[in-house]
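Asker: The structure under discussion is supplied below as structure tokens; questions concerning it will follow.
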Amino acid sequence: MPVESGISAAARQAKQKRKSHSLSIRRTNSTEQDRSGLQRDMLEGQDSKLPLPLRSNLLDLFSQIEREFENLYIENLELRREIETLNDRLAAEGQTFEGADLVKGALKTKASHSTSQLSQKLKTTYKASTSKIVSSFKATTSRAVCQLVREYVGHRDGIWDLGVTRTQPMVLGTASADHTAMLWSIETGKCLLKYTGHQGSAPSLFSSASGDQTAHIWRYMVQLPTPQPVADISQTPCEDDVDFSDKDEADGEVEGSNDCPSVRVAITTLRSHQGVVIAADWVVGGKQVVTASWDRAANLYDVETSELVHSLTGHDQELTHCCTHPTQRLVVTSSRDTTFRLWDFRDPSIHSVNVFQGHTDTVTSAVFTVGDNVVSGSDDRTVKVWDLKNMRSPIATIRTDSAVNRISVSVNQKIIALPHDNRQVRLFDMSGVRLARLPRSNRQGHRRMVCCSTWCEDNTSCNLFTCGFDRQAIGWENHNPPPPLQEK
């Protein structure tokens, strides 16, 4: 009985000590803000290539690790005191505990559990960043060579969108924030026609969409000029990344489009939207047009009658893009609600819709590729390749260091062109392997955000076009060499 009372008394003392220990921990935590403030001040005075927010986040995590081990150390001391008290009470009975072994085992168990929790937290917190860092060190399958062939200069404001006609004659079209859309000769870079019928910014073309809540369809007749010999421009490896100054951009009116003929009246004006019409595209067959708007709806129009055929609703926020399948009656719309939707009009009696969820920020565009694949780009700095037969998860994910704008896919080469907010344009294959980066050296490349890219599958001098807010479109020649022969 005296032994049991001694043990109970020791337990009460240990409980009181743990309570006082918890109070001491609270006092310690009350000074953590002062300590973290001093550490951040020390960080700002140190030289490092890491951004300050990242360094501060790392400091917070390591502070948590330090606090965990500090708590373990204090608990270790308390356990040692408890064991010494128990040994004193049980000395009369000839029973003692190996305090060192007991404390060591307890500390090992607690440390293992705590380390496991911290490891899982660190893994969860930096999973995306680590994947992005690792992906940047992936070996490329081939070093593609890109050459700047021609610049198309004439707009007085940033260019939102561009595209190439699907029928002859092949011309390049651009839509700009200066309220105009222009057609260009691909071979000479000369402006062939300017459309000035919109009252607002024209973010899409060919049935041209506008900030005036309308989409216009206009007819054009152009005479292509005789191609001139292209100046000899040395090929530049696509990984060259020498930057240049932004101060060389002219503020005055750009020359080169003053002698361009103009069209001011559309043959058809499509009205029904209650917000900015941000994109438009032709449905296969050429008899219908689909438009996407900030009013959260996409509209399907009959071109001949200008009547609204279907209003595609369901998105929770503004639409950012729409795209049609080149051979089937399929439409894909993307939105700021982090989703994109596939609309199926192949069966006239049933119009099905499928929702793709996989991004964490605005889906800036989604486009069809060869077969049953869709590629989506987002402001969450990722591009994902999807199989229409299995919509639960993407078959490939590309992680980048900047928001992705309107992407395009080469049907023949199976290459994805990614225009970025940081003025870069990168090329990836359909499996997510980086092939190239368009050159930005020797005063070549874009000087502002790159808004859009498009491919020209015909055998012209340029097979890739990009545009941006530096008021110009650029034509590139991309050489993707075949993979090296494998040794037997």
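Backbone N, Cα and C atoms are what each Cβ position is placed from, and that goes for glycine too.
Automated prediction, rather than curation, is the source of TrEMBL annotations.
The region 'Disordered' annotation in TrEMBL covers 1-39. Per TrEMBL, the feature compositional bias 'Polar residues' maps to 22-31. What TrEMBL records for 62-96 is coiled coil. TrEMBL lists 152-194, 270-311, 312-353, 356-396 with the feature repeat 'WD'.
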Asker: Go ahead and report the DSSP secondary structure tallies for the repeat 'WD' (152-194): helix first, then strand, then coil.
Answerer: 0 helix, 23 strand, 20 coil
Asker: Per DSSP, what is the residue count of the repeat 'WD' (312-353) in each of helix, strand and coil?
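Answerer: The counts are 0 helix, 27 strand, 15 coil.
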Asker: In the repeat 'WD' (270-311), how many residues does DSSP assign to helix, to strand and to coil?
Answerer: 0 helix, 24 strand, 18 coil
Asker: Would you mind splitting the repeat 'WD' (356-396) into helix, strand and coil residue counts from DSSP?
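Answerer: Summed by class, the stretch gives 0 helix, 22 strand, 19 coil.
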